[in-house]
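Asker: Sharing the feature lines straight out of Swiss-Prot:
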MOD_RES   Cys249  S-(dipyrrolylmethanemethyl)cysteine
REGION    323-342  region 'Disordered'
Amino acid sequence: MNTETFSTPPHTLVIASRESRLAMWQAEHVRCALHKLYPSCDVKILGMTTRGDQILDRTLSKVGGKGLFVKELEAALADGRADLAVHSLKDVPMELPAGFALSTIMEREDPRDALVSNDYDSLAALPAGAVVGTSSLRREAMLRMRYPHLEVRPLRGNLDTRLSKLDRGDYAAIILAAAGLKRLGLGERIRALLDPEDSLPAAGQGALGIEIRADRADLAAWLAPLHHDHTAAAVEAERMVSRALGGSCEVPLAAYATWRDGALHLRGIVATPDGQRVLSAQASAPAPSVERAVALGQEVASALEQQGAMDIVRALSAASGPAAAKQGAAEDGAADSAATGE
């Protein structure tokens, strides 16, 4: 490759994005960052409606999982309508199709789940029988394990729809990703940020990923200043847990890595949807590279396998049918992402 191409600022760039309010915010966030790097570059946003945005009457894990949020964007990359696609990282399948690359992972927003309620300040304050809304199997399993006296019901729709359902009294509380609420200036709706013990975040939650065609080395170089090494190591470790376990979107699976005292600490969970069986494993690595972070993810996945995680994965994948079984490792974040992009 001609390195001179990399040093020449791009003249135009097109960002492919879902058309949801949060997705467009994220695309605009990247557009502004690129404009600061390359003031003379004309950066446009191509808004697109994905199948995942259109299906609102079913849990997405039953009709195709995470891939429903990215296929149309990848088609735009492939045919040249767009140069890059901006994703909430937990929307991105663990294995990308041939010819595509996740070139850039940006600095993470708050990865925690958030309790949104008009009447209660914590999950512990909710009375027996209170209805909590979520379409995330991960969140549902954690709620059923920690608060079996609560009633968990599905919640779909975009962010405004979900909040309106809460406000009209359909739910006593709902659980959403904190990052999406904060990015849209709705942080005041958060009554509590959930401790990982109550709701371990999904792999990649709160992080933005930029996908490009694998043959665009020039574009990868232009995007390199937006890459955040610490976030990349954390989410690569998390995604490796999901990838190694090879579960389907029907499997409540979470992985969350944090940096403390120069070391990366990773925890993973696999559960049954009813919360009756929850397996947990954790490990740490000092100042890991991305390669060591991936190995850390494999270590945690292996520890979960030794506890019987694959029994849960196989049983749930078989019960959900071959379509879900083919989806590859994934927490059920795709269902949440229809609302918040997170």
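Quick reminder: no glycine exception, Cβ is built from N, Cα and C everywhere.
Thinking about packing and proximity, how do these listed features fit into the structure?
Answerer: Under DSSP, Cys249 (S-(dipyrrolylmethanemethyl)cysteine) is assigned to coil, being neither helix nor strand in the three-state scheme.
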Asker: If you draw a 10 Å sphere around the Cβ of Cys249 (S-(dipyrrolylmethanemethyl)cysteine), how many other Cβ atoms fall inside it, taking every protein chain shown into account?
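Answerer: The Cβ of Cys249 (S-(dipyrrolylmethanemethyl)cysteine) has 32 Cβ neighbours within 10 Å.
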